[in-house]
Amino acid sequence: MKLPVREFDAVVIGAGGAGMRAALQISQSGQTCALLSKVFPTRSHTVSAQGGITVALGNTHEDNWEWHMYDTVKGSDYIGDQDAIEYMCKTGPEAILELEHMGLPFSRLDDGRIYQRPFGGQSKNFGGEQAARTAAAADRTGHALLHTLYQQNLKNHTTIFSEWYALDLVKNQDGAVVGCTALCIETGEVVYFKARATVLATGGAGRIYQSTTNAHINTGDGVGMALRAGVPVQDMEMWQFHPTGIAGAGVLVTEGCRGEGGYLLNKHGERFMERYAPNAKDLAGRDVVARSIMIEIREGRGCDGPWGPHAKLKLDHLGKEVLESRLPGILELSRTFAHVDPVKEPIPVIPTCHYMMGGIPTKVTGQALTVNEQGEDVVIPGLFAVGEIACVSVHGANRLGGNSLLDLVVFGRAAGLHLQESIAEQGVLRDASESDVEGSLERLNRWNNNRNGEDPVAIRKALQECMQHNFSVFREGDAMAKGLEQLKVIRERLKNARLDDTSSEFNTQRVECLELDNLMETAYATAVSANFRTESRGAHSRFDFPERDDANWLCHTLYQPQTESMTRRSVNMEPKLRPAFPPKIRTY
């Protein structure tokens with residue numbers, strides 16, 4: 001079957017913050033760029049980012065990018081790569097002021113400068129008093145960011161393919177990535193997008209869990225595509241559980257609520273975070289706050305309600321005026337999903353899967369990496385990854401709030417700047433043969449031919465329940481081993497699942513089945529990685545190994561898809577402009 005071909009200098013898969021920032025940089029340089037998105041670009045999941053962009057602008061107090069770097073390294077539980085963290089914190093202010101000049105409508109201080117609010121894990125002067133470092137557009141910062149970047153991409157003539165679903169990467173005989181195949185959801189047409197550079201910006205995969213702040217589109221498509229192309233993934237055991245998802249709904253309640261002065265209560269009305277983090281209290285690292293809430297619930301101090309035990313987030317003491325100006329979106333979400341009015345009563349919250357710290361290992365320039373037999377990093381020609389799908393790794397074992405939007409903008413821009421130079425300089429990659437392109441259609445053909453078998457909805461439900469029960473906030477060896485065995489069975493069931501809808505136009509069931517393949521591979525890589533790391537670090541907290549073990553585990557974990565085995569990869573402790581921050585005990 002010969003596919004129609006569309007040819008571009010670069011194809012960017014995913015139109016969230018990172019994908020649109022990379023595409024913008026490529027288009028501005030005069031290269032041709034295709035931007036593929038399975039939803040309309042401003043519906044990408046970046047739209048749900050609420051609190052802000054953490055960056056050392058120094059608008060509310062004296063600030064310094066090195067203080068921001070210290071907090072990020074500490075937050076990562078010391079497995080964030082310090083060269084990448086340094087680059088992000090140092091170039092952050094420049095990248096954010098560029099957004100301001102593009103027209104991003106930030107909230108303002110009285111003197112007209114960008115408003116910055118306190119967020120968890122932030123400090124002045126290397127661990128001193130609480131800092132206010134998160135630049136915000138009320139509590140709709142992601143929404144403002146997406147609209148700004150979308151307008152700029154239109155202005156710079158990026159070719160946008162809206163509601164196109166990327167199927168798989170296409171590799172040539174040399175192992176270089178030379179584009180991808182994609183399905184037009186509207187017509188059912190399949191096209192080969194041929195490109196000299198392919199940028200994965202597909203976002204997270206929170207839908208492997210039952211309870212998540214992530215939209216239904218966050219199905220790990222980039223992880224699945226990478227693994228099927230033989231690309232390893234790093235630190236997949238590291239999943240952030242946001243302390244405050246609305247109980248029963250999973251909808252995110254921004255950390256900005258606590259930054260503005262909100263606090264958590266147990267059923268006795270006690271501010272319990274004072275016991276777990278005496279200094280930072282409710283603004284400790286997210287992993288610390290999430291574990292504290294779960295301990296309160298396990299020990300019987302959770303609040304009761306129709307959605308099961310939970311904590312309460314109190315905001316009413318801030319007053320109606322502050323809430324309406326600083327947190328208007330939270331008022332709306334709480335009234336809709338929790339049926340409470342935060343102006344009068346607290347919001348019921350529970351830790352909820354939020355962010356994938358792991359992903360495709362990359363350089364600061366977004367170039368995807370694999371590891372050779374000697375354990376050395378090797379660049380994969382033609383493949384880039386930016387945003388949540390990438391593991392640069394600036395977040396290590398625990399991301400700080402507000403650093404995700406900074407990651408999107410800084411590394412989307414960095415990949416674009418690199419491609420600006422390299423596309424012009426590099427020779428032409430060898431074309432993929434017809435059989436290379438056809439290889440990327442195997443999954444689509446399998447689903448199209450499977451008319452009998454199990455209902456994929458039941459399989460997805462089993463997958464999500466397995467992950468929620470065995471790989472959540474607290475983990476334990478026996479449960480995780482059992483969970484991995486269950487996933488092996490679910491994986492076999494998936495091979496014989498059926499597709500009922502045979503239509504070509506707007507066949508959403510077909511897309512959901514293809515997404516399920518990606519959820520499966522992401523969940524499996526997570527389970528293998530979580531069983532491998534025998535310590536507690538950041539978001540990976542094990543009852544059977546409660547301590548951090550720097551002697552054996554101050555490293556990244558790498559899942560190799562060909563052998564389904566694990567290896568270690570060293571953490572970069574060599575920033576270029578200042579001495580490294582050595583590992584120490586992490587307290588808040």
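Any Cβ shown, glycine's included, is placed from N, Cα and C.
Among the candidates ARG196, ARG291, ARG298, ARG399, the residue that Swiss-Prot names alongside HIS242, THR254, HIS354 for the substrate site is ARG399.
Between the candidate recorded positions, ARG43, HIS45, HIS242, the densest Cβ environment within 10 Å is the one around HIS242. According to DSSP, ARG399 (substrate binding site) is assigned to coil rather than to any helix or strand. The Cβ centroid of HIS242, THR254, HIS354, ARG399 marks the substrate site; residues of that chain outside this set whose Cβ lies within 8 Å of it are THR213, GLN240, PRO243, LEU252, GLU255, ARG286, TYR355, GLY401, SER404, given in sequence order.
Once the Cα atoms of HIS242, THR254, HIS354, ARG399, the listed binders of substrate, are compared pairwise, the greatest separation found is 14 Å. Annotated pair ARG286 (active site, proton acceptor) and VAL39 (FAD binding site), C-alpha to C-alpha distance, rounded: 29 Å.
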